[in-house]
Amino acid sequence: MLWNTQYFRIEGMISLGWPRLAKTSILKFVPIAQNHRIRKMKVQDDFILTIDDSEDDIHYDDYDADAVDEEMPSNVELKKKSKKATPAKDSDFNGEFLFEADVNKDLSSATDMNWDFDMGSKTESNRASNTVDLDAIISRNRKPDDDEFPSSFPSEEELQEPEQENIDSDDEDLAIDGFGAGAIAENEDESSQDESESEEEDDITEPVPSFANISTQDFNSDSAAGSSDSEEDEEEIAKKNAFFAEGDKEKSMMTTTHSSFQSMNLSRPILKGLSNLGFEVPTQIQDKTIPLALLGKDIVGAAVTGSGKTAAFIVPILERLLYRPKKVPTTRVLILCPTRELAMQCHSVATKIASFTDIMVCLCIGGLSLKLQEQELRKRPDIVIATPGRFIDHMRNSQGFTVENIEIMVMDEADRMLEDGFADELNEIIQACPKSRQTMLFSATMTDKVDDLIRLSLNRPVRVFVDNKKTTAKLLTQEFVRVRPQRELLRPAMLIYLCKELFHRRTIIFFRSKAFAHKMRVIFGLLSLNATEIHGSLSQEQRVRALEDFRDGKCNYLLATDVASRGIDIKGIEVVINYEAPATHEVYLHRVGRTARAGRSGRAITLAGEGDRKVLKGVFKNSSAQNTKLVNRNLDFNKVEKFGKEIEELEPVVQKVLDEEKQERELKIAERDLKKGENIMKYGDEIRSRPARTWFQSEKDKQASKASEAKDKKSLAKRKKQMEKEEVPRAYKKTKNDRLSNKKSTKKSKSKRK
């Protein structure tokens, strides 16, 4: 017998079968209007309502049978179920009913786990308790008359006017510290004529159109080896053309341009996610990469920093995953990043674009809870974003996680991964993944070191090079402050002057040393400059908290090493300051690429000393080719010297703060070790019964790989020194001066013969 459930609903799980149930059990009919009460009770109490043979009746809380009888119509008839739909009545539809999007927001769900580090800080409370509160130590040692932080800053127009007046009025300091003349000066003691010429050239107050005072001989002497090495013979070019796929179809797809993402025939959930992020028009790298990636082609991509490489591979991956078979969940996409911060940013972009889909994204990086990551991987997320070391750890030791079904593999910033010593890890991951996968390799700088990795991991890839190898953003203004040898000790004071007098917000300052970055963090705090730091000596929670504070505007200055020089995209960064020029031009590009991103303007300032000539020559050479802005910045050295004296007076206080921080850290480490010993005594058998975690390399293999890398570096350095000693004429294109000098020498030789 079937009951018409238009007005009633049978509650309970039936496990006995209908004949027996009709004889021994009593069914209770619940009105549809009260269904939401029972559903809510199920969620809260977490049990299933069943019917037992021994029960005479089923009692529901907040349920009135008389009220049901009153609501029940008198003319209810039992009918057989028919395929025809019953006519709708006015009472069937509740006009006041509303769909609520956040009705289950209080319920915990595994898919809602966003690694937003409010959660990370809770799960890692033990680790967070081991950190030292540096701000509290600094506030205890700061002078009582110092203000915490300035409440308001002058506007940008107010800042620019006195700066311009300062540059025009102080001609003497400009002649001493202007950077234009010093680019070719080899010795400080030159003739008075040369000094007067350099003073005239130093009187620069506006952007320098081209550094003509740097001779071409300086470029040729330093970069002759690079130019000769970069010239490829015909055989090498033929090999590359045979390896890369550059047919008519690929070329036609790369030449076509898309005015918007909608013209790419993307799905509506992806377009909605892009529009929520404010992405409307694709960048050049996205315009060329997305159609090729949707076809499943292997891609080698290179573009300038801030050009949108992350979205260039995230969008086609999500589009392809929308059409995946959903019956059996499995991990299909692997994205490898060199640093934790870059992986976090990539995860954030992927989750936001995929917010209107059912695609699961998992983040696996060091510094986070290993157990939480294992739980996420057991659910087999569609996309795994990881650093190479942590991914190999999960690949070998996490139960239920395999890479057999990986269909797409992405290596972001591949050259950085190779530079950081991840070559062995990448080879291990590549060999473990299926060969039939699609592989995409992206980087801002595509060097020759990546060639071996490309040949090992990619199959007939398409090259997508949007800009030159060494380019900066068009709206980036590059400024240089020359630091003379006699003023080298005033570098910290110059930095404080720039931050106190000129740039008050959204500024990243790069250092070469972690220890010095931490020391400057203490000095900034003592001088009431609101700053935070990020480098490799900090825990993952501290690094993430620093990025969050800087992004949210709680801190105005971010003191960083090259950990933050790649991929970190924080909206609205106005200024990047290089405390020292970096070791290579590539690192310089990544540092200054933190500003002037996605079509916005920015400013990069470099404190350049005498030892930074080689890097700066590369910067000047590329800027003349790009016609970008290069500015000579002059500082008010009266104020700089005042800041220098103030920093010198603070030196004992800085040392006291560092010693106090060290003592607190040692105390917390001792407490942690004590707790660890207690846990071993209590749960020793359980701890020893756990399976040991394995690695793909033994200690001997690690040492051998490190030794081989060091040997390669030494042999490379020796080769360069030998090439510099040998006076072998290098093959390069003759300039006009070379031709004139050759003509003069031939004329002299002919006249001597006569």
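The backbone N, Cα and C atoms fix where each Cβ goes, glycine too.
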Of the ranges 259-287, 375-403, 636-664, which one does Swiss-Prot list as motif 'Q motif'?
259-287
May I ask you to indicate which of 68-71, 328-331, 412-415, 552-555 is given in Swiss-Prot as motif 'DEAD box'?
412-415
Which number gives the other C-beta atoms within 10 angstroms of the C-beta of GLY308 (ATP binding site), all protein chains shown included?
22
Provide the three-state DSSP residue tally for the motif 'Q motif' (259-287): helix first, then strand, then coil.
17 helix, 0 strand, 12 coil
With DSSP as the reference, give the number of residues of the compositional bias 'Basic and acidic residues' (698-715) in helix, strand and coil.
17 helix, 0 strand, 1 coil
